[in-house]
Amino acid sequence: MVKQKQETANQPDNTAFTQQRLPAWQPIISAGIVIPGFLIIGLAFIGIGVALFVTSQSIQVLEMDYTGVDKTSPCNRCTDPNVKSCLCQMDFSIDTLFKGPVFFYYGLSNYYQNFRKYGVSIDYNQLFGDLSYFTSPSEKCSPYQYDNNNNPIVPCGAMANSMFSDTFKLFQIVNGTNKEVPLDGKGIAWWTDSNIKYRNPSVTPLQMAFNNTVKPLLWANPAYQLDPADANNNGFINQDFLVWMRRAALPNFRKLYRRITSGDYTQGLPAGNYTLQIAYNYPVLSFGGRKTVVFSNVSWMGGKNDFLGIAYLVIGSMCIIMSIVMLIVYAKFRFSEEE
Amino acid sequence: NDREYNLSFKYATNAIKTSKYNLFTFLPLNLFEQFQRIANAYFLFLLVLQVIPQISSLSWFTTVVPLVLVLVVTAAKDATDDIKRGKVFSEHQIRTRPHTHKHTPSKYPLISLFPALRLQSEKWMNVQVGDIIKLENNHFVTADLLLLSSSEPLNLVYIETAELDGLVCLLCYKVLQLVSEVRCEPPNNRLDRFTGTLTYAGQKYALDNEKILLRGCTLRNTEWCFGLVLFGGPETKLMQNCGKSTFKRTSVDRLMNVLVLCIFGFLAFMCTILAIGNVFWELNEGSHFTVFLPRQNDNNAAFSAFLTFWSYVIILNTVVPISLYVSVEIIRLGNSFYIDWDRKMYYARSDTPAMARTTTLNEELGQIKYIFSDKTGTLTQNIMIFNKCSINGKTYGDVYDDTGQRLEITEVKRVDFSFNPLADPRFVFHDHALVEAVKLENLEVHAFFRLLALCHTVMAEEKKEGELFYQAQSPDEGALVTAARNFGFVFRSRTPDSVTIVEEGEQRSYELLAILDFNNVRKRMSVIVRSPERKLSLYCKGADTIIYERLHQSCSKLMDVTTEHLNEFAGEGLRTLALAYKDLDEEYFSQWKERHHEASTALEDRESKLDQLYEEIEQDLLLLGATAIEDKLQDGVAHTIEQLSKADIKIWVLTGDKQETAENIGYSCNLLREEMNEVFVISGSSPEEVRQELRHARSSMKPDAADSVLLPERTLVKGVKVITDEEVNGEYGLVINGHSLAYALERSIEVEFLRTACMCKAVICCRVTPLQKAQVVELVKKYKQVVTLAIGDGANDVSMIKAAHIGVGISGQEGMQAVLSSDYSFAQFCFLQRLLLVHGRWSYLRMCKFLRYFFYKNFTFTFVHFWYAFFCGFSAQTVYDEWFITLYNLIYTALPVLGMSLFDQDVNDMWSFQHPQLYIPGQLNLFFSKKAFFTCALHSCYSSLMLFFIPYAAMHDTVRDDGKDVADYQSFALLTQTCLLFAVSIQVLGTWSSMSYWTAVNTFFVLGSLAMYFAVTFTMYSNGMFLMLPSAFPFIGTARNSLNQPNVWLTILLTSILCVLPVVTYRFLLIQLCPTINDKVQMELSHAFTASLFSRRSGYAFSHAQGYGDLVTSGRFLRRPAMFLSSGFAHTGRTTTGFSPMGRSAGYSPTGRPQNAKVPDVEGTSLQMYRTFTDSAL
């Protein structure tokens, strides 16, 4: 017995792994699988596509350009860089009820928030409320690290510096008078941003933390005075600031400005005439940018986007067409494989 | 023995390092070596680029982490290789020393040194050249020594040289007594040669191989001996022989290198485009976008473009995948292990598993076009059996009945050798006439056997009285001496000066005066002995042609008869030797002896001088007769050759045998076939003749192309001409003789020869020298762009094994030399078909799939960046999260792709055997070529377009269902990378090629990697990670906030489906419209699978039983009609119906039996096939 063992000492193990006999399933691209598969995928896609398309169609969107490039545009006079604290008004009317909740966005185009050097110009440690980064902001913020007097800029960096500064007021014209539509600026940023990612330093009053620092060059107010109305909406957790700091992926983007959810407008914006009062501060014309305001409501699939629905419909139909083509090919050439 | 004096010459010390590194040098040395590789150096360069803040578009860790991992993996592999190398060395030593149980070898055996006649123990390590050392029994010789004296009576020592050539053979060496000065040749690696002189008291003595103990030998049966150290350490012959093998690379490797260079070019091209784009962007947009992002260098677009170029080099570096080489190595290693582990390539009788000695050539095994095979020991078993002989014009060995009909040996009682107490009981002979002849004291018969008992170099060992044990250098000799022993001429013992034999029970001692040793040129050996009656004779045995040239005219009549017999023997595939003798004149001999001594002490030209002397004395011989030794075919050889030729592999047999023998073996192993239109024999003896014969052969194969002087050749870039294959109708064979081959290999004719030979189905070269073997291989390598494989077992095949792309060694009877220089080794020729058709094919397939997939996934990954560049101002902004970039190749996609390339099988091994045609795509390089690479790049271009633009279109103006942002950069990055990972994972699982193979492991890898991706992503984007390092994990919350959106998932689904469906459609249409051989077999397989869904196992067993039956039958018939190769799908089992028994040979009984029946007499010979059978039937 022992001797026999000795003789086959070098015999390899007989396991499924070493002998490459692992149990396996081999799906084959055969007509029996592919053609029905395509058909099913096609039908499913058409179903999804229809659902998406219908949903998308039901979403109302109202978009208005207020850059003021046009001479006739009400904001045209604000485009002159010499005009300070310019106010302009845009009138518009809604024919049917704009179902609520209505979301009020501002949009920028040809604006490269996704430019690499723009994107990296941010100090997460500083924005996390780390006081040591208040006195010496990160290198990355350059050239918005220190001002000309070598004072640290807080919040530093190009991204913070370029924060959107137009403000809006919406009025419904009821019987010739302007009735202000309450705009809700709370909860417009991601919860994770306002509660974890961005923190104010735990110094009270908040202003104390900003001693010996300067506000970003383009800002009108320092960070601790971003929202004069709400003391808890200041510093780095200011909702508008957070929305801005969530950098856009593409050069044309929208950002949430306010929600219209309260007062008489819980159900949406009723049909009627409205006027939008714009505090025009933000310069975009120098680089060919455009500014828009967008009113929109949402559905289960988010904002209005026809592409997904159409794409699903197209792909679904193509799958069905392909399955028919394959069926024809299969029927015609099947016998050749038997030869 | 002045040690100091000797030391002053700076001879190499005896310390040998077999491993490359030690603990301390490992890190720096290994790192240095690794950074010599271009890929690693490139990544170091990238790292430098990343440190420059102006350029750095990615954090340093994206490059460092993969680089470190790659370096660690490679270093680990190098380290294990290094350790393994040391281990193999020692294991080898232990394994080949079966008798040393009592002696426990310590690492540095203490040996004795005696400078100034004082013995002193010293470690081997400290031994110096010039030292005299004492070796004791069973000691391992660790330096090249000159023997001085020994304990044995005649200063003989016995050594075992298993370590050197694998032969366990005791050789006796004469020992010199005195020493003063030794001059010898410089260190070299020839084990079988040594020249030097010893000067003592003004007299010169020759030193040759016989007086040298080489490192690697072991002292046996010798109490002690003294030796002078000649070479130490790395200068020893063993060490000189190690590590000289050339580095082989596979064609896929070469292609890969070319492609990597192309990719570099492509990378530069892409970066240039992006840099130019950056110029335009800066001029049109960027220079105006300064309100929010001022430019430090004042709108210098050109400089910005320059920086952009390098930034994109960093970002797009993933097109040149750093992990490619490491992954390739791992895959090859894995597939090599499969070869080692394969039980169906394990030979139980010698307990030898197959071994992949090189782990870098696997996929080449799937591309073999030409096989060069040795015959003896490779196709045949190399177990020699004395089968027939012709003595004085009479043949013995065949048995006839009364009517003169030849009887089958199985029907005849074997000869009873009990009259001879010293007979070997295993010896079988059937012709009683020969025993009668011996008993009748027939003079010639006696002389015949006396010659066999005297003229050889066999060592006898008599452990117990009457139990003789022969240690023969070649099995032929063993067989001959054993035959003589059984017929009453027992070789009993030998000393350097005498040979003792027992003749018919009477002990006689012959004085051994000279051995004129055998070599490949002389092809004969002689001994000169003085009988107890003081009669001086020369006995000679050798190749018949050689002997015939040296015969005395008086035996011309006998010559004719013997020639007839020889031809008859050769016709039956037997190995023949002619025997001759001559009585010598005492006076002439003493004079010759003097000259011999003179020549053998000459320092220069010793060998040719000796040859001349030998030539002189080996004249006017008298013919005694001839022997015929049977060398049985190995099991399954014919079947294997048939399978391989169905796989369109051309087999050339290069053998040292006679033409007739070779031809016959060719027929019996199915290489040449009766149905072949013609078998050309080239035997011209001048260049012109050979050329004419070759031309003639070609013109009869292909009449129209006969006169065309214009060769259908293609000139490559390097000016090397490549001869393309020429189509021939019908099957032809070519047999070429050794001397004709010599002419055919001349420069002017070689192309002619190659063209003709390549048109033939089978080529047999006979009487080939080892050098010619290598030349033939080189010739094919030079003019044909094909992969060659050489298989052999003996030392004479080493050159050929080293020359071919892949060398396969058969660990058989002739020692380990072929194995040691081979890339793959196993015990039986028939394993070759499994190595090629199964392992090779799979390896090739896997490697190609891997490469295609690997390039695909990296290109797809990278191209997305390219598209994004047009939307981010060519600012080198990455699309993905940096952590994803870091981990993509290392974690998220590494395991699935490894799983695919280690477990994938398009069809299982049995189907591979049934359809050898599946092998052909590999030969044509169909699965991975420049074209395939290009297709793969296009495919990834398409995928990347989908992967970028669908998320783009779906997300650019949308928001979350609570109105918040989802089109931000971080969400977009997450979406794109998730899409990418899904698309890539689905491809690896499903549609990558026509076929996929889902083992549990594969599926686990893929799903596990996806799960891993989500786990890692959620971890990276979690609060905890952010709180620890806010600046390293800015993506906090992205996964939570975007992956809960239905439209995100709908986008992922759409993108993945869009990446996959076109591929499926394309594949489906391709299968339907122009199916490849693989598709056909897979279709058939799927039909078979569905058909046998309920009785799957029995179906498998049945399919195997067919192959088995075929094997059994093919092994039993010497010669049988060929199958039609064109009948691609014919089952191999049913074509073996007709046979034409021809010739007759022990062991093969051409009796018709039902082919699928288990035939008892082959039971032992087809062990491994039985195992297959039972395995699959379990």
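Glycine residues also receive a Cβ, built from the backbone N, Cα and C atoms like all the rest.
Among B:Glu329, B:Glu477, B:Glu615, only B:Glu477 appears in TrEMBL as part of the ATP site alongside B:Asp374, B:Lys375, B:Thr376, B:Phe518, B:Lys541, B:Arg575, B:Thr655, B:Gly656, B:Asp657, B:Arg767, B:Lys773, B:Asn796, B:Asp797. Ranked by CA distance from B:Thr376 (Mg(2+) binding site), the binding-site residues B:Phe518, B:Gly656, B:Arg767 have B:Gly656 at the top as the closest. Packing around B:Arg575 (ATP binding site) is summarised by its Cβ count: 24 other Cβ atoms lie within 10 angstroms of its Cβ, all protein chains included. Shown are the binding-site residues B:Thr376, B:Asn796; of these, the residue with the fewest other Cβ atoms within 10 Å is B:Asn796.
The shortest Cα-Cα distance between B:Arg575 (ATP binding site) and any of the recorded positions B:Asp374, B:Asp793, B:Asp797 is the one to B:Asp374.
Sequence-distant contacts of B:Phe518 (ATP binding site), defined by Cβ-Cβ distance under 8 angstroms and a gap of at least six in the same chain, are B:Thr457, B:Arg524, B:Met525, B:Gly542. Ranked by Cα separation from B:Asp797 (Mg(2+) binding site), the recorded positions B:Asp374, B:Gly656, B:Arg767 are led by B:Asp374. Its Cβ placed at the centre, B:Asp797 (Mg(2+) binding site) has 31 other Cβ atoms within 10 Å. On the backbone, the CA of B:Asn796 (ATP binding site) and the CA of B:Asp374 (active site, 4-aspartylphosphate intermediate) stand 9 Å apart. The recorded positions recorded for this entry are B:Asp374, B:Gly656, B:Arg767, and the Cα of B:Asp374 lies nearest to that of B:Asp793 (Mg(2+) binding site).
Note on the recorded positions B:Asp374, B:Gly656, B:Asp793: the fewest other CB atoms within 10 A surround the CB of B:Gly656.
Take the CB of B:Arg767 (ATP binding site) and look out to 10 A: across all protein chains shown you find 23 other CB atoms.
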